[in-house]
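TrEMBL has this to say about the protein:
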| type | residues | note |
| --- | --- | --- |
| BINDING | Gln38, Leu39, Arg40, Glu41, Lys42, Asn70, Ser109, Lys138 | 4-amino-2-methyl-5-(diphosphooxymethyl)pyrimidine binding site |
| BINDING | Asp71, Asp90 | Mg(2+) binding site |
| BINDING | Met294, Gly443 | substrate binding site |
| BINDING | Lys370, Ser416 | ATP binding site |
| DOMAIN | 8-191 | domain 'Thiamine phosphate synthase/TenI' |
Amino acid sequence: MKKSNWDLYLVTEAELSRGRDSIEVVKAAIAGGIDAVQLREKNMSLRERFKLGQQLKKICQKAGVIFIVNDRIDLALALEADGVHLGQSDLPALTARQLLGSDQILGISAHTREEIAAAESAGADYIGIGAIFPTKSKKLTENNNGIGLKKLAELKKMTQLPVVAIGGINESNVGSVIKAGADTIAVISALTRADDIKQASQKLKNTILSTSSDSSSAKFNLKEKNFKNETKAELAINMQHNTLLELPTNLADCWQILKNSLSKNSPLIQHLTNNVTINDCANVTLNWGALPVMTSGERDSVEMLESASALVLNIGSIDKRSFKVMLKSGKKANQLGIPIVLDPVGVGATEYRTCAIQKLITELDLAIIKGNQAEISILAGQQAELKGVESIGEYQHIEEAAKKLAAQLRTIIVVSAAEDIITDGIQVQRVKRGDQLLGQVVGTGCMLTSSLAVMMGVKVKNNSNFIKAATLVYLYSLLAEKAAVKIDTPAKFKQEFFDQIFLCSQ
Ligand SMILES: Cc1ncc(COP(=O)(O)OP(=O)(O)O)c(N)n1
Ligand SMILES: Cc1nc(C(=O)O)sc1CCOP(=O)(O)O
Ligand SMILES: [Mg+2]
């Protein structure tokens, strides 16, 4: 999708909501993880829709959820909505695009090759296809049984645009709709008529994500297979030209937005970090296009936050004094609404570290916690094995532990390992990229934490912290691969890795 990756899209209809108003429905669905809302309300007057839309827009904006208006461009413009969805009997797509400008999202319902082609050439951002199955939520003009999965798959092949499937979709059939090629699922009754709307949204979204990740992992394996057949020289050429194309589309979109914003206003990233890797963290921050500050005095740090965009707390060489500064600075950052990225280096290795981290986690609101498998397992209350600050041992349940911790602390958890995991407690992105040389250089974990802080410090509309974190982790790993194609010894690799980050941010 143009502005972010949508999985689940709620279309409102108060009359189909069992006596609940659409504000209550939308709030509960947002709590359950929906990505977009469409104001439909066919039986309300334009004035009523305007009033409801004003409230829904505020709720969506606060939650980072896309807000779309059905049928009426005038209403979408008046509400400053993120976009509009139009059918074949509404204003033509081309006129809509001219009225909206290029930034707003334009969704078009299309049922034939001709309608899809017209929508594409008018500049639509997605195609709505339905009804897939029979539905009681709308009188269908033709084919009361819905078009079915085969027709959906045929129409999907006719367009490069994301396809939003709608009509009769629910928990029991959503997997088949995703497998037939839908990129996003739009529903009315599956959520508006649910007993527990939040729970129904979570379940539907989880099913969508698990079905999508099954099919994308199949694609991913295929890519890896091709990868192995290439010689190192061929790989080097391909990587040089294609690194960014290798990012999944939604993450590539997110990176473009982050990169544009970074080049316009370099965010200042205040670090309270360890003295082993401080210099590398400063350099990596600078190479992404941000401004590193590594001041560690109590008064200086707190004052510095006035002009900072993100704060790194890395406990790698924690002591009584630095802990006090972290807690005080963290509280100030929370007051100022500055995102905090915490690296619980070696938690569990000593009682002191564990107590320090527990206090930071309890008293601060954290945007991201990034740790290795042992650190995250320990924070989630599970057994883990550490040698010094290194994670050793097997972690079969690490994804569950990370999800549980993210949900419990309402944060994003990033687990760095051979296969990285990023989760917000509902969504999970796994990244099996990177190179083993990352493990041969001290500090690449701390540098990942600083890099995450850079991305959290960039304010971008419509990209959640989850997508931003997933984008960064993916990109970081790809750039390491790119560096490793050229170099195969640790010291030069580190230099090349810095340069790749610098070049990619230009
Ligand atoms: C996401 C999405 N897809 C299709 C539609 C249907 O739009 P339309 O054909 O204009 O019909 P109405 O919703 O206006 O009855 C949609 N609303 N959303
Ligand atoms: C609004 C709408 N548009 C459709 C289309 O075919 O374009 S079907 C539909 C109704 C969707 O409601 P439910 O999820 O309850 O079936
Ligand atoms: Mg319409």
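Every residue gets a Cβ built from N, Cα and C, even glycine.
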Please check the binding-site residues Arg40, Asp71, Asp90, Gly443 against ligand 3 and give me the ones with CB under 6 A, sequence order.
Asp71, Asp90
State the Cα to Cα distance, in Å, between Met294 (substrate binding site) and Lys370 (ATP binding site), rounded to an integer.
19
For the binding-site residues listed here, Arg40, Lys42, Lys138, Lys370, which shows the highest count of neighbouring CB atoms within 10 A?
Lys370
Nonlocal residues around Glu41 (4-amino-2-methyl-5-(diphosphooxymethyl)pyrimidine binding site), in sequence order (Cβ under 8 Å, 6 or more apart):
Thr12, Glu13, Ala14, Ser22, Glu48, Arg49, Leu52
Name the residues of the same chain, 6+ apart in sequence, whose Cβ is under 8 Å from the Cβ of Gly443 (substrate binding site)?
Val276, Thr277, Asp280, Cys281
Tell me, if you would, which residue among Asn70, Ser416 (binding-site residues) has the fewest other CB atoms within 10 Å in the structure shown?
Asn70
Kindly state the mean pLDDT of the domain 'Thiamine phosphate synthase/TenI' (8-191) in the predicted structure.
95
Drop a 10 Å sphere on every Cβ of the binding-site residues Asp71, Asp90 and tell me which sphere holds the fewest other Cβ atoms.
Asp90
